[in-house]
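Please read the structure below before turning to the comments.
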Ligand SMILES: O=C(O)C1=C[C@@H](OP(=O)(O)O)[C@@H](O)[C@H](O)C1
Ligand SMILES: C=C(OP(=O)(O)O)C(=O)O
């Protein structure tokens, strides 16, 4: 699928999509919690659908209604010996440890970009917890057989925080007592805060966080006496970043549905936009952003790597040289985002270079070109919002990649006034 975009202005009011990070965690929590969960504002992205399917494969009963999802579960009781994570990094890294709570042999599979993302963490760690684990040389598919037994363990958190998230859910579900997960070099820390917040919201056991170096599950017994809980999935700061950046480049919009007190690390987009001289404010639950003369900025995105793509779009329209730190965090995403951002923005006349762990972007007049999403939703959306102000018609191939996190992206920006055609 191709998106053909003519320079345009975004104007009007829109509600942000649901956070797939919160939605997938809520699915995991609803599976391990015994009882009924009502999810309000459920996500509809491919990653969210993958999570809803996985929890059914692991025994939960799911009813999807117009504006809510009802999940009934009695804990992990697989009804199928395969779980399919499609392209979701979070789902595979979270549900592999959760599925290992069962004593059945389970094959964990995925597709597309996920087949190229490393999973050797499981080969190293799960056997230490009594789980047999065989991956295909550190890649998918992975065959596991538990039951996982929580033990004192030390894991590496440098590649991804998602593995730790999976272990925290699995330990909470297994009612871990007096054990700790020690973690070295943890990156993407706000995502772990979100995990702890979801555990708490679902009445599950929350470990003590000792400076992101140790997560200690104490001896206390947690009783789950709420037969039904309701959880509202919050708005997604990671994808809101594209709408806000697009409006700062070429527009005047009001964005609803964002929690300014969210623990999502990508909320930092608000401060970076202000730093870049965007005209924006947050009032009564609505964020307003209006186009302005943008100026270069510096930002450390080590703990919020998903902000790189929208920030490169922002930098491309910001006068001067912007510097974004944390490039090493980009290698193992849906694409190698350091390489794909450089490749695609170079086509648009925007010089992107690297110095140590920093990406350096020069703001210049954007030339229109045909760019590729590399099957990476964030590359598709970054090039699109950058192309709102350019010297001609832009073509984005592989436009369907947005379905991974934000299937409504093209229709949402069209509704805001982007002159856009989608060609199958
Ligand atoms: O836990 C999560 O919801 C996520 C964690 C981050 O991954 P890493 O921890 O691998 O950086 C982020 O990039 C991903 O999009 C979602
Ligand atoms: C990297 C991402 O997601 P995941 O790792 O969950 O596939 C993303 O959404 O940018």
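Glycine is treated like the rest: Cβ placed from N, Cα and C.
Listed in TrEMBL for this protein:
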ACT_SITE  306  active site, proton acceptor
BINDING   20, 21, 25, 160, 161, 162, 306, 333  3-phosphoshikimate binding site
BINDING   20, 89, 117, 162, 337, 378, 404  phosphoenolpyruvate binding site
DOMAIN    7-412  domain 'Enolpyruvate transferase'
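Overlay of TrEMBL annotations on the structure.
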residue : record                           : Cβ contacts under 8 Å, 6 or more apart
21      : 3-phosphoshikimate binding site  : 90, 191, 194, 236, 238, 264
89      : phosphoenolpyruvate binding site : 114, 117, 160, 162, 333, 334
161     : 3-phosphoshikimate binding site  : 186, 187, 188, 189, 191, 192
306     : active site, proton acceptor     : 238, 241, 266, 333, 378
337     : phosphoenolpyruvate binding site : 305, 308, 309, 330, 331, 376, 378, 379
404     : phosphoenolpyruvate binding site : 45, 46, 47, 87, 88, 334, 377
Where residue 333 (3-phosphoshikimate binding site) falls in three-state DSSP terms: coil
Which listed residue (20, 25, 117, 333, 378) has most other Cβ within 10 Å, given these are binding-site residues: 378
Residues among the recorded positions 20, 117, 162, 306, 337, 378 that border ligand 1 - Cβ under 6 angstroms, in sequence order: 162, 306
Close-lying recorded positions around ligand 2 among 21, 306, 333, 378, where CB distance stays under 6 Å: 306, 333, 378
Span of the 3-phosphoshikimate site, taken as the largest CA to CA distance across 20, 21, 25, 160, 161, 162, 306, 333 (Å, rounded to a whole number): 19
Mean predicted confidence [pLDDT] for the domain 'Enolpyruvate transferase' (7-412): 97
For residue 160 (3-phosphoshikimate binding site), the number of other Cβ atoms found within 10 Å of its own Cβ: 24
Cβ-Cβ neighbours of residue 162 (3-phosphoshikimate binding site) (radius 10 Å): 23
